[in-house]
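Quick notes on the structure that follows.
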C-alpha cells in the first residue's frame, strides 16, 4: 500500500520517516510522494582513461570515476548520452516496515533526463541520501542545478516489519551514505568467487 499525503505527514510526525533537512510540505509534498532536491556532488566516468570497467576489480570501478562538486547557483551540464551519479540533498531514514521508491519527475523527464537506471528501491531500515543514476537520453545538453527538485520519493507499507532491515543486513554496501558512491559490485560474493577462477 502506497502512503498518501496524510499518511506521509503522520509518518514524519511519528518518526517512522525521517528526512533531514525537514521538508517544506507546501512545496515538496504531493498526493502520494515527497519531492527531493539535487545535491552538489556528482560522479562521472572518465571514458578517455579506461577502455572498460571490470566489476571483479574494485579499483577498476573507483579509478574510472571522478568526483565533481558544483557550488549552489552553478550548473552541472549533462551532455547528450552522459551518465552521472548524484545524490539528494535530503538524508532519509525509513522504519523497518516501510519501503521507499525513487521516481522521476515528469518535468525533468521531458528534458530527456532520467534519474534512475534500475535502482529505485530503498529497503526497510534504509538511512542515507538517495543516489541517482542520471542519464541524458536526449540529443541536447541539459543544465541541472544543485537544489532543484529532481525526483519524487514514495513510501509503501509492508505487511509486517522486516526481520533484517537494511541497516542490520550483513554486507550492506551503501548504508549511511551522504554523497554518491561508486558501485561496490566487486564486494559481492559471487564476483569474489569468480576472481578465484
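The backbone N, Cα and C atoms fix where each Cβ goes, and this holds for glycine too.
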Correct range for region 'Disordered' (source Swiss-Prot, candidates 146-171, 172-197): 172-197
Tally of DSSP helical, extended and coil residues in the compositional bias 'Basic and acidic residues' (176-187): 3 helix, 0 strand, 9 coil
Cα-Cα distance linking residue 133 (active site, proton donor/acceptor) and residue 177 (dCTP binding site), given in Å to the nearest integer: 15
Residue 133 (active site, proton donor/acceptor) and residue 106 (dCTP binding site), distance between Cα atoms, whole Å: 16
Spatial separation of residue 133 (active site, proton donor/acceptor) from residue 107 (dCTP binding site) - C-alpha basis, Å: 17
Rounded distance in angstrom between the Cα atoms of residue 133 (active site, proton donor/acceptor) and residue 109 (dCTP binding site): 13
